[in-house]
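These notes are about the structure you will find just below.
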């Protein structure tokens with residue numbers, strides 16, 4: 001059959017042409033060592049004068065309109081292949097390389113994040129690769145102006161992972177990029193592990209960039225980010241939570257208030273320690289929380305949502321100052337419990353009040369209203385802005401119950 | 001040579017499932033939340049019910065005419081030329097569906113993984129894969145579906161299971177949503193994702209026991225629909241409705257937000273997309289097979305193989321028509337809505353007419369191979 | 001064709017045989033007189049016959065007159081014939097052949113021909129004796145637990161090895177000759193009452209259609225009877241273990257043995273057979289299930305590992321942990337080639353090494369493989385030719401491919417990983433997946449004697465799944481594989497449970513009680 005033969009020929013031609021196409025292909029092949037693996041990005045605000053620093057990469061000055069926004073200064077931390085040895089042992093490339101040399105920090109200015117990164121690419125031979133971006137640091141100043149641009153850029157980029165950390169730094173964000181902590185070979189990984197370990201030790205809630213985005217998007221919730229500061233040994237301290245309202249940072253907490261957040265949300269494991277003063281300074285004990293649980297009830301009273309928050313915390317007694325008190329007495333333990341309950345109640349209330357004042361519902365109380373009382377939500381709230389207003393007026397009833405479970409190896 | 005009736009009930013069900021589950025799963029949660037906010041799972045469930053109605057119609061028709069495909073009994077029921085017109089519509093629609101599926105997946109791959117590869121290449125690769133495989137006979141066709149069936153169910157369930165640790169039930173409450181708008185539109189869009197179930201029309205004449213077609217289609221819809229609902233519920237409960245609205249392919253984003261325990265693989269999006277090639281392949285295979293088989297039956301050709309490469313250029317050119325991804329999704333929604341007339345209204349009409357005119361296909365045993 | 005009649009006289013017959021075979025140096029002809037009075041001649045190829053046996057059992061009785069008979073003079077030809085066969089020759093396999101061409105074919109097979117004056121036809125005596133090696137351990141399929149015997153080249157010995165394990169009259173051997181010039185005997189074995197007769201007929205049909213010069217090994221036949229020729233996947237299994245042949249016969253398959261080949265063919269074959277071993281069934285099921293899984297992992301490794309490596313390194317480095325990614329980048333920093341080329345070079349050199357170690361004499365081979373793996377790998381890394389991780393990957397792949405018991409299946413998968421690596425180099429993970437889909441679709445369309453290649457997975461069969469990924473306990477597998485459509489389905493007697501209610505005959509408590517009583 002001739003048709004058969006023609007078909008066969010056609011088939012072969014198609015297959016052959018496919019192979020020709022494919023073999024000329026390899027469009028996306030880019031070896032791992034040819035990529036500039038970006039591990040961390042810091043974003044600072046830059047003064048408008050910085051425009052002079054910028055070369056005309058993405059736009060011609062004057063001729064093309066630039067966004068009216070102020071300039072940003074972006075610094076990236078790029079891993080240097082070859083400097084980080086393969087496998088454990090062997091103290092690294094040639095021995096003399098101090099930790100600062102495993103990465104390379106380059107900074108550049110631009111009108112937007114993408115603009116700055118374009119400018120940066122112009123200066124770096126290998127293609128910037130964001131697949132391993134683990135930490136994004138923004139300065140407090142920028143966060144207060146709003147992170148719309150930053151959020152949009154990183155959300156749109158398919159390489160960026162949702163499990164990266166975004167944090168707000170006190171002062172310049174770039175300082176965190178150039179910092180060289182001694183514990184890890186790669187500085188950014190140290191930053192990251194500070195927070196990851198924080199989660200494991202009950203010192204910080206899970207707040208990856210993806211979670212931050214989700215929370216900021218929700219109608220009845222606001223996002224928050226870790227607020228960090230670099231210390232003099234180039235170590236990093238988690239100083240608290242940075243509250244957002246929409247994409248603007250509106251305030252920050254102190255470190256112990258992170259415990260407040262964790263307590264209200266009932267997140268485990270628990271890891272904070274507090275002093276309980278029994279009768280004056282000499283008889284103070286310190287307790288460590290071991291397990292938290294919380295129950296949030298909601299009812300509507302006079303058109304205002306009222307949340308009753310019941311927090312139960314199991315604590316262990318860790319330290320005692322002075323020999324006066326004997327903690328093998330159940331009465332003493334009960335007294336410690338009561339005292340701590342009192343203190344906790346107050347601190348939770350203060351914390352909630354503070355967020356109310358800022359109109360930043362980082363706990364997602366609005367989401368509770370939306371899901372549990374949809375009728376009320378649909379009638380009175382409906383939008384994010386309305387909830388931000390209403391959040392300032394909602395009432396809280398906090399009750400804490402503390403239970404001491406263990407007192408360590410010492411009997412008294 | 002080959003026995004005519006050999007496809008078992010399980011195979012039929014797996015053909016249905018693997019045909020339905022395809023590239024549509026990637027944007028599915030987006031469609032669902034656009035329609036119903038936190039009520040997205042419910043919307044999906046309703047859409048599954050609608051789609052089931054369509055499948056039931058097809059199954060009933062198929063059991064009425066256990067020897068014939070829709071192209072053949074269409075002519076019997078409403079006459080030669082109207083029947084042919086109907087078949088032509090079916091063929092055209094599935095050709096378009098094939099091209100759009102290929103294009104949609106091509107776009108996903110190019111956006112998410114192979115950024116510099118021309119979209120033409122990814123599309124033609126998928127189409128070639130389908131065209132090569134469609135040349136096998138129906139036995140191999142059913143084997144292929146049966147073989148890939150677990151490969152497509154497990155990765156999806158795996159991602160869902162892993163993501164559950166980040167899930168929050170609050171996100172999918174209240175289950176009917178907060179005064180959602182555009183529910184009908186959303187339901188229609190999601191129902192349109194089930195159009196692959198039309199493949200049942202060509203499978204029934206080859207089933208070992210056509211009288212079990214209904215059971216097979218119920219199992220198929222249960223699994224596919226269940227998976228759809230689970231995926232939507234998982235995505236929305238992890239991201240929340242508002243965040244889901246901001247994501248183009250929420251299911252893919254779910255894979256991105258998931259890491260294997262102990263960080264063996266730190267993110268699963270590229271791996272998930274790779275595994276999802278099989279799901280898209282089976283969908284493409286079915287719609288392409290349906291197109292080609294119907295076309296050859298319409299032209300009364302013995303062998304459907306001749307068409308497989310003949311049709312390829314047309315499908316490819318059609319796939320390249322949408323200019324960008326936004327336009328593509330508009331077209332997909334539009335085509336999906338038109339498709340409902342072909343995949344649900346047309347069989348419904350055939351069924352009604354056949355009952356009124358008391359037409360019925362021969363019994364299975366009365367007749368040897370036609 | 002000449003008949004006996006056309007060769008009327010004694011001398012004509014001698015001339016005929018001499019004409020056909022006389023030119024050969026190893027051909028011997030000896031004239032003598034039967035019972036001292038009838039002229040006769042003995043022919044044979046001297047190296048193929050057992051001279052001792054010929055002398056004592058053929059020549060001597062023919063020359064001396066039989067003791068029990070007094071008068072052997074002037075016997076009429078018919079009587080002579082009877083006396084010779086019934087009274088003189090003490091030889092079980094001797095017969096009178098009329099057709100001269102049978103004499104010749106007998107001669108080349110190693111039989112001896114005796115022509116006697118006045119006798120119609122000639123006496124053909126089975127005196128074949130061919131040097132053979134002893135029965136040894138099967139080298140390619142060694143087991144720790146199980147029989148140690150392997151097939152040798154002689155068909156007769158091989159058949160005896162099978163029959164010795166299968167002592168039933170239902171074991172049937174059908175022999176035929178294939179090869180226009182080699183006239184190799186081929187034995188088709190099956191068990192009557194188990195194997196589907198259609199299958200046996202089809203095997204016979206396919207074999208009988210082969211018209212070829214010579215068959216030197218069972219591999220020749222394999223290529224003629226398989227269903228699909230253009231595929232890397234073997235559709236016929238070969239083995240040199242008699243116990244494996246018997247096990248397969250009992251499942252309802254057909255075995256084909258060829259004289260001169262120590263490898264038996266087993267048809268029909270499905271893919272799962274290639275990763276199963278005899279040992280799977282002799283050892284405890286839990287352990288062997290785990291080991292079978294390990295073998296499957298190795299199988300998958302040998303197919304996809306290099307391509308996954310290439311696609312992750314060159315396309316999706318975001319998948320692996322950051323620390324590792326950075327380290328890998330460091331390891332690769334000095335390598336001048338892209339990962340695809342690097343992997344391909346290393347793979348090809350590995351194949352070269354592997355092939356070389358097979359061909360080299362044994363004493364050298366061991367040394368070379370060590371040199372090859374250790375030194376070349378190390379040198380390649382320190383020369384900046386390959387990154388250490390690539391070497392690890394290639395080593396894993398190569399070792400993995402040896403874990404597959406069937407050499408031909410392992411070879412198929414090893415071959416297929418090259419296109420996969422190339423696909424990975426073009427499209428990354430997407431390409432690997434496309435390649436795997438093509439391979440899977442191809443396997444799904446393969447058939448061996450009508451049985452889908454991936455049975456019992458596709459089409460699904462619950463009974464078959466018990467012996468697919470895991471090796472179920474023997475008492476679970478009550479039926480023979482369903483896809484073989486055997487006549488007798490049951491393998492197990494209905495009430496052969498494993499010992500469930502064990503009688504504790506030696507329970508120390510009981511014994512103590514007894515003693516005290």
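Cβ from N, Cα, C; glycine included.
Per TrEMBL, the features are as follows:
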- B:12-33: transmembrane segment (TRANSMEM)
- B:39-62: transmembrane segment (TRANSMEM)
- B:83-102: transmembrane segment (TRANSMEM)
- B:117-134: transmembrane segment (TRANSMEM)
- B:146-164: transmembrane segment (TRANSMEM)
- B:184-204: transmembrane segment (TRANSMEM)
- B:216-241: transmembrane segment (TRANSMEM)
- B:270-292: transmembrane segment (TRANSMEM)
- B:304-322: transmembrane segment (TRANSMEM)
- B:334-356: transmembrane segment (TRANSMEM)
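When Cβ-Cβ distances below 8 Å are used as the criterion, the transmembrane segment (B:39-62) is approached by residues 16, 28-29, 32-33, 70, 73, 172, 174-177, 180, 183, 186-188, 190-191, 193-194, 197-198, 200-201, 204-205, 210, 213-214, 216-218, 220-221, 225, 228-229, 232-233, 236, 241, 244, 340, 343-344, 347-348, 350-351, 354 of the same chain, each at least six residues removed from its ends. With respect to Cβ pairs under 8 Å, the transmembrane segment (B:334-356) is most closely packed against B:184-204, considering the stretches B:12-33, B:83-102, B:146-164, B:184-204, B:270-292. Away from its own ends, the transmembrane segment (B:184-204) comes close to residues 7, 12, 15-16, 19-20, 22, 24, 28, 31-32, 34-36, 43-44, 46-48, 50-51, 54-55, 58-59, 61-63, 66, 69-70, 90, 94, 97, 138, 142, 210, 213, 217, 220-221, 224-225, 228, 283, 286-287, 289-290, 293-294, 333, 335-337, 339-340, 343, 347 of its chain (Cβ-Cβ under 8 Å, at least six residues beyond either end).
In this chain, the transmembrane segment (B:12-33) lies in contact with the transmembrane segment (B:146-164); the count of Cβ pairs under 8 Å, excluding pairs fewer than 6 apart in sequence, is at least 3. Here the transmembrane segment (B:12-33) does not touch the transmembrane segment (B:117-134). Their Cβ atoms form fewer than 3 pairs under 8 Å, with each pair 6 or more residues apart. Distant neighbours of the transmembrane segment (B:83-102): 22-23, 70-71, 74-77, 123, 126-127, 130, 195, 198, 280, 283-284, 287-288, 290-291, 294-295, 297-298, 311, 314-316, 318-319, 328, 331-332, 335, 338-339, 342-343, 346, 350; these residues of the same chain sit at least 6 beyond its ends, with a Cβ under 8 Å from one of its Cβ atoms.
Residues 98-99, 102-103, 105-107, 109-110, 141, 144, 277, 280-281, 284-285, 288-289, 292, 304, 308-309, 311-312, 315-316, 319-320 of the same chain, all 6+ positions outside the transmembrane segment (B:117-134), place their C-beta atoms under 8 angstroms from a C-beta of that stretch.
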